[in-house]
Amino acid sequence: MKLQLVAVGTKMPDWVQTGFIDYLRRFPKDMPFDLVEIPAGKRGKNADIKRILEKEGELMLAAVGKNNRIVTLDIPGTLWETPQLAQQLERWKQDGRDVSLLIGGPEGLAQACKAAAEQSWSLSPLTLPHPLVRVLVAESLYRAWSITTNHPYHRE
């Protein structure tokens, strides 16, 4: 199974790149984790936010593999504790499909992305900066993987 993070935004601060790449490199070869960055639409004073969201959504969905399971990252999604996320990761692996995780831009996700999703995952009821979400998702999934393989990274 491959994991794919599809995220709006292409110019992340160095600390985001460093943190994300650190976890990316830790993933085993049988579970590669890739990042696809979608350019954010220009948000000027008179920007048509609805149209920008639609365009970002189209680009995000176009980046997703044909049979991939789509999981959105969204506040109203399901909150998983770490052991629950590990169980979810195991279910995804057993399903045999690749998983695409979608992170929207400043206004969130397009309705088309939400409609295409089989699941929605909430990291927190708090509103989080989108760059930080990349690092949190990578760390959380790595920790979940470590639980499923009895790797010493996760400690109770």
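One is the number of the first residue shown, and numbering goes on along the chain from there.
Quick reminder: no glycine exception, Cβ is built from N, Cα and C everywhere.
Copied over from Swiss-Prot, here are the features:
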- Leu73, Gly104, Leu123, Ser124, Pro125, Leu126, Thr127, Leu128: S-adenosyl-L-methionine binding site (BINDING)
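Sequence-distant neighbours of Pro125 (S-adenosyl-L-methionine binding site) (same chain, six or more apart, CB under 8 Å from its CB) are Ile75, Leu79, listed in sequence order. Around Leu73 (S-adenosyl-L-methionine binding site), a 10 Å sphere centred on its CB holds 24 further CB atoms from the protein chains shown. In three-state terms derived from DSSP, Leu73 (S-adenosyl-L-methionine binding site) belongs to an extended strand segment. Counting every protein chain shown, the number of other Cβ atoms lying within 10 Å of the Cβ of Leu123 (S-adenosyl-L-methionine binding site) is 18. Neighbour list (Thr127 (S-adenosyl-L-methionine binding site), Cβ cut-off 8 Å, at least 6 residues apart, same chain): Ile75. Sequence-distant neighbours of Ser124 (S-adenosyl-L-methionine binding site) (same chain, 6+ apart, CB under 8 A from its CB) are Ile75, Leu79. Long-range Cβ contacts of Leu128 (S-adenosyl-L-methionine binding site) within its own chain (separation 6+, distance under 8 Å): Leu136. Taking a C-beta cut-off of under 8 angstroms and a sequence separation of 6 or more, Leu126 (S-adenosyl-L-methionine binding site) has no same-chain neighbours.
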